[in-house]
Amino acid sequence: MPQLASAYLYRGIIQQRIIILAWFLNEQSQNFEALQDFNKAIELDSNLLQAYNSRANLLSDLNRNEEAIKDYQKVIQIDPNYTSAYYNKSIVLRNLGKNLDALKDLNKVIELDSTNVNAYYLRGNIYSELNKHVECLKDYNKAIELNPQYENCYFNRAITLNKLSKQEDALKDYEKVLSINPKNANAYNNLAIILNNLGRDQEAINCYQKIIDLKPEEKEAYSNKAILLKKLGRNDEAIDCYNKLINLNPNDANSYFCRGYLLMEKNKIQSLQDFTKATELDSQDKSAHYNKAILLEELGQQDNALLSYQQAINIDPEYSDAYFGQAIILSKIGRKAQALESYNKMIKITPNVAKAYYNRAILFDDSGNKEQSLKDYNKAIELDPTYQSAYYNRGSLLNELGKKEDALKSYNKAIELNANDAKVYQCRAGLMSDMGKIQEALDDYQKAINLDPQYTNAYYNRSLFYSKLKNYQEALNDINKVIQLDPKNAKAFNVRGSIYHDLEKDTESMIDYSTSILMDPNSSNTYNNRGKATAINLANLFSDQGLDQEALNDYNKSIELDPQSSNTYCNRGILLRKKERNQEAFDDFNKAIELNKNNAEAYNSRGILFKDLNKIDEAFKDYNKAAELNPNHINSLYNRGILYYDLGQKDKALKDFKLVLERNPAHSDTYNSRGNLYMNDGKIQEAIQDYKKAIEIAPLNPLYLTNLGSLYYQQKDYMQAKQYFSLASGCLDQIIHSKFKSRNLTPGNIKFIQSKLKLISEIDNQFQIAKKNIAQLANTNSIDQKQEQAFLSEINKIQEQAANGLKPTNEQCSQQQQSQLLDYLFQVEQKLKAFQEKFVSLENKVQKLEEQDSYQLQQELEQIKKPENFEQCLYYKSLFWRLYNYLQAMQLLSTKLFAIHKDAMVESNSEKVAEFLKTFSSTGSFLMGSVPIIGTTFNAINAALDYMVEKQKENKFQNRMQILTKIQQKFFVGPSDQEKEIQFAAIFLAKKQITNKEVFGQGELNSYINQLSKLESDYETNSESVSWKQGIKDSLRILRYLEYNSDAILRYENNKKFRIVIQDAIQPNKNEVTGQKAANQTDAPPDSSCCQLI
């Protein structure tokens, strides 16, 4: 049977060869028939080695590897030195991933045949796969030694050498491969890769070109060549490669994308078409949508650009660059809130991109959120310490916030990073100007102009600076330069108009203002300048209302994308608490803690909510837990301090506040709350210091300003209090109108502060009105001194009650506490209103009495003017005219002369008095008309009065003037009161007159009376009559009485009328002149021949 077995074997071998030929010709083969023959041969001869070996080879070709291994093992069993069986079995084992077993067989092959090239080559491949590169290279070297033309061995050795970074050696092997086979495209490809890594790009390009020459439709070669050409800036050649790729495969989206990218600068329309085609072929290509959006925006198609960005984001919601581009467009078209949302999303995805914080800082700044803007500039600089523009913008923001020194540091850093940036010098110049550093400012303006001679802003601002320095000519030169560079600059014409106005060139000024208005009809500033020649700074109002809702939307979306984010739930809870949606906030804090047991902020925020709900024990537990998890968690320490403070545990509160400030010296709420503690504890200076520190850190917080105002009010420093209340009200208005965001102030806080300030303002206004009314009634003698003091005591008591109601608060003040404080102030206001009503009633009574007084005087005057009362009227006229005008003259002299010459010695006949009398004219009464007291008459009255006092008395006139002035100041508010009182007294005394035949002889006093009657004959035809002379005499007696009894008169009650004082001066048998003067008089004594009274 062995011969028959061999027949089957040979037929099987023939059929196996046919199989190989069929595979080569891609035709169907006869695997089954060959396998049957091998099986039959083995069946007939179980030791037929060739049959087992041939069947093993066929089974290996059929991927029946385990069966093949058994047959190879049978061959080895029959012939242990049969090398082919070991070799072929190692191939099958390697295919099965059994490299270590394969190595054993190859080792056996090499042991049996040390010249077996393929064994070394195959073992080298296995060592390469096992990363045993040293062993690998030894085998490749041996194989090449045995066969110096072994192409594949050189190829694989080059790969191993490249892995070992022996790129030059690898290059030599690839070159050897190509010398053996110049058509080996893979060798050219790998060679190109190494050349590219070595920076030998042109040689790499040549290799890719070789591949293209060998395989004109090899798309990868075109693609790689294009990449290198682009790298070398040879975009046109790269575009040619992509053109070829598109011709080879018109449906290859990547080729259109790459060509579109290269055309972005050269041909935007063609580039846009390529990106569009790329998105048509591959709608999920986010980069194509992104680049398409960039081009659409550059071509002015902003809406379409936004759609493309959104398509990119829809494909990849984490595509941060798309959010960035989207945000830029949204900001440009004024959709600030959406732009902010896009920046927020980008930063959330890629939190370490400096330009995102930089752009968002600009957006926050434009929206009026200065604090957040500053934080973002700081973050941008933290991420990129060389970000020059961030330093520049931060400097401008800090300057705007009044932080001059910090602003200067930022500008200096910007200049350090780029010493040729003109705009930074220009801005630093403005800062230097504000800081009063004149020369430094001028130097910076000049530096900016030297760097950019066409820089209009530098000339413009330097012009304003020169105007501030009143250097108008230099200012004019600079603004002329601005107009030369920018003839349509309306603001420049407005400024030049102001300069011309300062130079008193009104015509030129009007022309420039009008020109400015023609260029900018909406410029209220220019209209104002043209009308008033003054400047107004107009405030821009930015509204960020709705930001809370937008933030809430973002949190919701974030949770939707990442439901396991503890921090997001915590942050949303904080926002919900601020919006007073407490149950939802509570749920979020619980969820945050459930997701992360170590989330300190979640415990802290839940603690605040527990405190709001008056669950004190739970609040303490959460604050303590937060502090335990993070000893530096200042919010939990601060909130715990507030809770201790509310419970009256001051020492523990102070301890926590101290810990907070040690960790964050800029924590303004802590300074405010500690100030509250100090204020309630009576430590006023410490409280003031803390409030001012809080305001220094956060100058726009109305809560801090209100607390400091309340403290000053309690200390009765009402001016300071009013100043801080006014500042608080202004900041509150800005918050309500959303110019600034309020840190940690809920809508309830804001409403409370608004109500409190409104009540304070109303109460203060009523206090001022009440005190003014009291003073007015006291000055008009409508109430006496006791009544005045009683009213003031009552109003002061109410004011003290108001001060007690101005309790300091913090941002965590509960709604109940707020209501109690407001109710207390409201009750104070009601008390004040009740006082006002009582006082108004008194004022009405006083007014009614005054009206009655005026009516009575009118009736009395009408009566005395009747013909039958001629003598009384004559007496009245004489007394009133002289007394009223003399007192007026003395008062005016006192005001005019002693206001300038306080220590002057003045006599009635001095030149100063004479000069004054030339210009003086009495107001007179409606009865007598206006009659001047000429110098002679005035001197005659004073001479008579001098006669009536002690001769040795010095400075008689000056003393008299001062005494009479004091008396008038006590009794009269104004000339009308004086006139009325003297009229009443004159009428009263006139009515008391009886017919008197007294003859005024030649006594010394009578001689003065006669002299005055003659001097007055020019103004009164009856001046020689007895009644007129009696009026002269009584007016002298009244003046003498006032002078002699001034001390007693000045001590009279405030409600005593001046008419009564005059009447007291003329009483029967009253001898006012006593002492030495009376004893020495030999002529008729002054009190003889007194008028007779009824």
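Along the chain as shown, residues are numbered 1 onward.
From the backbone N, Cα and C atoms, a Cβ is placed for every residue, glycine too.
Copied from TrEMBL, the annotated features are:
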- 49-82: repeat 'TPR' (REPEAT)
- 55-113: coiled coil (COILED)
- 117-150: repeat 'TPR' (REPEAT)
- 151-184: repeat 'TPR' (REPEAT)
- 185-218: repeat 'TPR' (REPEAT)
- 219-252: repeat 'TPR' (REPEAT)
- 354-387: repeat 'TPR' (REPEAT)
- 388-421: repeat 'TPR' (REPEAT)
- 532-565: repeat 'TPR' (REPEAT)
- 566-599: repeat 'TPR' (REPEAT)
- 600-633: repeat 'TPR' (REPEAT)
- 634-667: repeat 'TPR' (REPEAT)
- 668-701: repeat 'TPR' (REPEAT)
- 825-852: coiled coil (COILED)
What are the DSSP helix/strand/coil residue counts across the repeat 'TPR' (185-218)?
-> 27 helix, 0 strand, 7 coil
Looking only at residues six or more beyond either end of the repeat 'TPR' (151-184), which have a C-beta under 8 A from one in the stretch?
-> 117, 121, 124-125, 128, 133, 136-137, 140-141, 143-144, 190-191, 194-195, 197-198, 214
Restricted to the coiled coil (825-852), the mean pLDDT of the model is 66
On the DSSP side of things, how many residues of the repeat 'TPR' (668-701) fall into helix, strand and coil, could you say?
-> 27 helix, 0 strand, 7 coil
Mind tallying the repeat 'TPR' (566-599) by DSSP state, helix then strand then coil?
-> 27 helix, 0 strand, 7 coil
In the repeat 'TPR' (151-184), how many residues does DSSP call helix, how many strand, and how many coil?
-> 27 helix, 0 strand, 7 coil
